[in-house]
Amino acid sequence: MASSTPSPATSSNAGADPNTTNLRPTTYDTWCGVAHGCTRKLGLKICGFLQRTNSLEEKSRLVSAFRERQASKNLLSCENSDPGARFRRTETDFSNLFAQDLLPAKNGEEQTVQFLLEVVDILLNYVRKTFDRSTKVLDFHHPHQLLEGMEGFNLELSDHPESLEQILVDCRDTLKYGVRTGHPRFFNQLSTGLDIIGLAGEWLTSTANTNMFTYEIAPVFVLMEQITLKKMREIIGWSNKDGDGIFSPGGAISNMYSIMAARYKYFPEVKTKGMAAVPKLVLFTSEHSHYSIKKAGAALGFGTDNVILIKCNERGKIIPADLEAKILDAKQKGFVPLYVNATAGTTVYGAFDPIQEIADICEKYNLWLHVDAAWGGGLLMSRKHRHKLSGIERANSVTWNPHKMMGVLLQCSAILVKEKGILQGCNQMCAGYLFQPDKQYDVSYDTGDKAIQCGRHVDIFKFWLMWKAKGTVGFENQINKCLELAEYLYAKIKNREEFEMVFNGEPEHTNVCFWYIPQSLRGVPDSPERREKLHRVAPKIKALMMESGTTMVGYQPQGDKANFFRMVISNPAATQSDIDFLIEEIERLGQDL
């Protein structure tokens with residue numbers, strides 16, 4: 001392959017060693033041509049090899065080996081020698097094809113390719129429209145309309161198989177009548193956005209179709225989870241390298257894990273003997289905390305009456321003095337205080353409880369401190385905002401949902417525990433068909449016995465892939481942007497007569513809570529009658545909003561307050577123009593109320 005005649009570009013370096021990569025002899029250009037003539041993946045391999053290897057003979061040998069290996073790839077390989085023919089769409093009559101005609105059916109390769117190309121086309125069209133602001137957030141229909149069936153779309157299940165043509169119609173219509181939660185004008189929930197890297201990770205996760213209980217069947221995913229959880233514990237600020245954690249089906253289950261861990265830590269006999277073997281235990285949480293704490297109290301046998309609610313100030317933060325008073329009151333009544341939940345980012349107000357002061361009280365009375373940072377945990381990634389979670393490193397356990405502020409696709413929630421071994425001890429049942437101690441690898445990587453589930457979905461890959469793609473700094477920028485948009489919204493409406501803030505001062509999180517005041521109620525003194533009328537405003541606007549499909553934002557009451565809008569921003573695709581649109585849309589829909 002090599003030429004003995006130097007090219008004009010290299011003639012001035014004729015005395016140099018031609019076997020080094022400091023020069024670009026004609027052979028180098030020849031190899032680059034070979035690389036460019038190959039499929040993309042193979043070409044990248046060759047180019048990477050050219051950058052690393054100095055020997056001309058070795059380069060020639062390896063290029064030939066690559067091409068020989070390439071010739072052995074089958075039809076479905078992404079490295080087929082003809083890039084254009086790999087997955088070329090052809091006219092296919094899906095009305096006469098059924099699931100049984102796809103792989104693993106004999107000669108099912110072509111039908112499988114064509115069917116999946118149609119599905120990918122549906123998916124890509126949906127993704128494109130999701131980021132198109134001229135597309136509606138939703139095409140709203142009432143439940144009875146969908147249950148009765150739309151044209152070509154029927155939810156009822158049949159005894160006999162339907163054609164792939166109908167299956168493709170069902171795929172399109174399912175997305176059509178759903179809500180575009182990735183739309184830049186969807187502000188209804190804490191989990192929003194459509195991250196493309198995360199989407200790719202979720203595709204591949206489903207393709208792998210494995211389970212997280214043992215290293216044996218999910219080796220790479222188990223290691224990814226271990227590495228990611230370790231990184232999250234470091235970000236929390238735990239110096240103990242032997243902490244623990246697991247990904248769970250959501251923040252409610254993560255919070256339940258924290259209560260189970262606390263109970264096992266102080267009363268391990270509960271695992272075998274039940275609640276009858278322990279004293280009358282009580283839990284403490286704020287009146288603004290997530291309802292999952294009370295739900296866990298019910299599910300775990302404490303009873304909701306033994307989940308004691310702590311008063312909050314006007315911003316929705318725990319009042320530490322009330323916490324201590326209620327701990328003392330419980331002790332005086334013969335109860336045993338066990339656990340305190342502090343919230344970092346409440347669901348409605350976005351408030352951050354004073355963790356340092358709560359931690360002092362927990363240390364004083366030897367209580368387990370859990371921080372529910374499902375919503376606010378993402379702020380730990382931001383050097384500008386992580387101070388709002390000051391003291392979180394003193395917690396015994398933390399819930400952190402990357403599927404909220406970090407924009408990871410649902411579901412992705414972690415329960416992190418400072419002390420290693422508690423999750424295992426609490427939940428381990430040593431099922432012999434899964435967790436054999438004499439396997440050929442280190443069985444400490446079999447994490448399934450930490451979980452209350454048996455089968456556990458792979459939630460880690462999309463998150464790990466996003467972290468690789470963005471880096472910690474990318475997440476930081478994304479989170480800072482969302483908080484800046486919340487500040488923009490607050491500044492835009494705080495002094496306008498059409499709007500009234502639910503509480504004074506700038507928001508701590510991206511939660512901006514406000515009332516829209518229609519013309520008929522402006523300047524009207526506060527009274528029960530005015531509050532009753534105001535209570536009906538947000539639901540009416542929300543109903544009109546859903547009918548028009550232009551945007552979505554949530555509303556709710558809080559305590560004795562009338563229904564108000566709770567705006568939350570977690571979608572990095574949102575911009576100031578989307579905030580402006582929301583304000584204008586609320587005014588437009590509410591002008592005649």
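All residue numbers here begin at 1 and follow the chain in the order shown.
Here the Cβ of each residue, glycine as well, is placed from N, Cα and C on the backbone.
Of the residues Arg536, Arg566, Swiss-Prot places Arg566 in the same 4-aminobutanoate site as Gln189, Leu190, Ser191.
Residues listed for 4-aminobutanoate, Gln189, Leu190, Ser191, Arg566, cover a largest CA to CA span of 14 Å. Across the binding-site residues listed here (Gln189, Ser191), the residue whose Cβ sits among the most other Cβ atoms within 10 Å is Ser191. Distance noted between the C-alpha atoms of Leu190 (4-aminobutanoate binding site) and Lys404 (N6-(pyridoxal phosphate)lysine) is 6 Å. By a simple count of nearby Cβ atoms, those within 10 Å, the most crowded of the recorded positions Leu190, Lys404, Arg566 is Lys404. Arg566 (4-aminobutanoate binding site) sits 16 Å from Lys404 (N6-(pyridoxal phosphate)lysine), taking the C-alpha atoms as the reference points.
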